[in-house]
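Enquirer: Take a look at the following structure, please.
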Amino acid sequence: MDTSSKENIRLFSKNSMQPVGRLSFKTEYPSSEEKQPCCGQLKVFLGALSFVYFAKALAEGYLKSSITQIERRFDIPSSLVGIIDGSFEIGNLLVIAFVSYFGARLHRPKIIGAGCLIMGVGTLLIAMPQFFMEQYKYERYSPVSNSTLSISPCLLDSNNSLPIPVVEKSQSKINNGCVQTVAIIGPIFGFLLGSLCAKLYVDIGFVNLDHITITPKDPQWVGAWWLGYLIAGIITLLAAVPFWCLPRTLPRSRSREDSSSSSEKSKFIMDDHMDYQTPPGEKAKIMEMARDFLPSLKSLFGNPVYFLYLCASTVQFNSLFGMVTYKPKYIEQQYGQSASKANFVIGLINIPAVALGIFSGGIVMKKFRISVRGAAKLYLGSSVLGYLLFLSLFALGCENSDVAGLTISYQGTKPVSYHERALFSDCNSRCKCSETKWEPICGENGITYASACLAGCQTSTGSGKTTIFNNCTCVGLAASKSGNSSGMVGRCQKDNGCAKMFLYFLVIAVITSYTLSVGGIPGYILLLRCIKPQLKSFALGIYTLAVRVLAGIPSPIYFGVLIDTSCLKWGFKRCGSKGSCRLYDSNAFRHIYLGLTMMLGIMSILLSTAVLFTLKKNYVSKHRSFRTKRERTMVSTRIRKENCTTSDHLLQPNYWPGKETQL
């Protein structure tokens, strides 16, 4: 199902009868009255396939957008979230190579329909834990009464060092390329759906939302992550229905058969009829096809251009998959944006730039009729320029938030080193606070404290989101004031300069995405033209398999493992085990996230350069071989002419009638 949509359309529209000759082709074509049903069925197939690609891309896009929500809901580190994200591709590992090989010879519409059913059920299963788990719990300070003055948070924690959880639960409520275009639109809707669900509380419908004391910007906020999977699963199941009503094959129209166009499209769609057809009265034999599997695989990997391009694409997709998976998280942690806003800007700005880049690359290839070597140069050039632009993102980061004991001292005068990080100080020593708690409050001095207890707060007024903590000794210490100061629920916002950096980041990210995606179509054309026509379906299947297994599965995992090393404050579960990260070191996160992406990008550029040199070498070799062959042909022709002239002269008769008379 993940092979090229063009290959699906081409093989579906083939006639199942074995051709005998040119005349037999014409006798098998339907009359003009019979052409309309054929065209109608082909349009149904195109529409259904487009809808499948949309549903699949929607589910994949939504998975990327819900990463941070899943991490917080199940209180797990980024490395484990990476395994969950990578496991989305494991099903492809099991079947994609065989489906791409045997699917070209079997009932492809029903194979696609079965794949849709399996994928739809799997997507629905992802949401099921929400309905079997206990209610979501988050840590917060809870006043003991509704009066305007409550007991001291500091003294409250002195008797109980464990967090006081509040339990709340809820529930919420055809043209060539049209298929690829829809596949690009899918992630846009996936991220926009993720943005919408991130605004809804995870247990919406089960609790009174007025009692929720956190906002979508709070690090502990979890959106209705499960709702998007229910929607995506239902859409995928609906996409499977049309394929069970379609025939195995459709006859091609006369105009296509008689067409002598040499364009890439006609070459791709109108390949040799004999390569894929089964003779009348015979069925495809699985064992006979299986015998050709290993030789076909050997032929593919023996092609140096294909192999090098496969390696270059796999490394580049490692870079891109890891970057896209953690991009919402990067925007949240680096620029202090909510998960909803991060998903919104990615879906509405970033992905359309990718679609425009792919479209632009196709236009350039078609307008200028670029050769294979030209396609390789365009692919390489877009990668080089794109990663050079990406390099500028290192300068567009925000500094760490001021968190007492983690990024700055309690006096607020200097940053603290790794060995000096300590949440306890003289100002909160008598409070006997819990070090594992993360109930951040923002002091009036602009410094965030891990909890009201660690801020040394003595009293509080109000309730819920409007709670104000008073007489906080640590806040007064950092403010260099005599006496105590106050604080409010939630983390302090980053400075105004960070918002400006976020805008610059969006602009550069959009331009970079566009530039990198311009090489998509040239690379795809390079892939198609470097292999034998009869191996195209198999080659595309192996390519998709390699990209998904060697990039889609591992890259989110090792990206997550390295990102976890930048965590400053870990959360803890009730059982005492480590949970999800509450606070990251912004500088370390930026260097790891961008640095790893850049390193993989450089490796892919080097491999792409090798592809170009291999093409050039093959071109020179073939050109020399052609010249040598042409020279030999010319010499052979000249010798043959000379021999013919000599033989004609020698074969002339020495006697003819009337010779003596003439003499």
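Yeah, the Cβs are placed from backbone N, Cα and C, and that goes for glycine too.
TrEMBL feature annotations, pasted as is:
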DOMAIN    421-476  domain 'Kazal-like'
TRANSMEM  80-99  transmembrane segment
TRANSMEM  111-132  transmembrane segment
TRANSMEM  178-202  transmembrane segment
TRANSMEM  222-246  transmembrane segment
TRANSMEM  306-324  transmembrane segment
TRANSMEM  344-364  transmembrane segment
TRANSMEM  376-396  transmembrane segment
TRANSMEM  501-528  transmembrane segment
TRANSMEM  540-563  transmembrane segment
TRANSMEM  592-615  transmembrane segment
Enquirer: Contact between the transmembrane segment (376-396) and the transmembrane segment (592-615) is defined here as three or more C-beta pairs under 8 Å separated by at least 6 residues; is that satisfied?
Expert: yes
Enquirer: Do the transmembrane segment (306-324) and the transmembrane segment (540-563) share at least 3 Cβ pairs closer than 8 Å, excluding pairs fewer than 6 residues apart in sequence?
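Expert: Stretch pair touches.
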Enquirer: Are the transmembrane segment (344-364) and the transmembrane segment (501-528) close enough that 3 or more Cβ pairs fall under 8 Å, when only pairs 6 or more apart in sequence count?
Expert: yes
Enquirer: By Cβ distance under 8 Å, which residues at least 6 away from the ends of the transmembrane segment (111-132) in the same chain are close to it?
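Expert: Same-chain contacts beyond the ends: 1, 8, 49, 52, 55-56, 59, 74, 91, 99, 103, 202, 225-227, 229-230, 232-237, 239-244.
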Enquirer: By DSSP, how many residues in the domain 'Kazal-like' (421-476) are helix, how many strand, and how many coil?
Expert: 13 helix, 13 strand, 30 coil
Enquirer: Apart from its near flanks, which chain residues at least 6 from the ends of the transmembrane segment (376-396) lie with a Cβ under 8 angstroms of it?
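Expert: 316, 361, 364-365, 370, 501, 504-505, 508-509, 511-512, 515-519, 522-523, 526, 590-591, 594, 597-598, 601-602, 604-605, 608-609, 611-612, 615.
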Enquirer: Which sequence-distant residues neighbour the transmembrane segment (222-246)? Criterion: at least 6 residues beyond either end, Cβ under 8 Å.
Expert: 12, 41, 44-45, 47-48, 51-52, 54-56, 58-59, 62, 65-66, 69-70, 72-73, 109-110, 112-114, 116-117, 119-124, 126-127, 129-131, 136, 138, 171-173, 190, 193-194, 197-202, 204, 216, 339-340
Enquirer: Compute the average pLDDT of the predicted model within the domain 'Kazal-like' (421-476).
Expert: 84
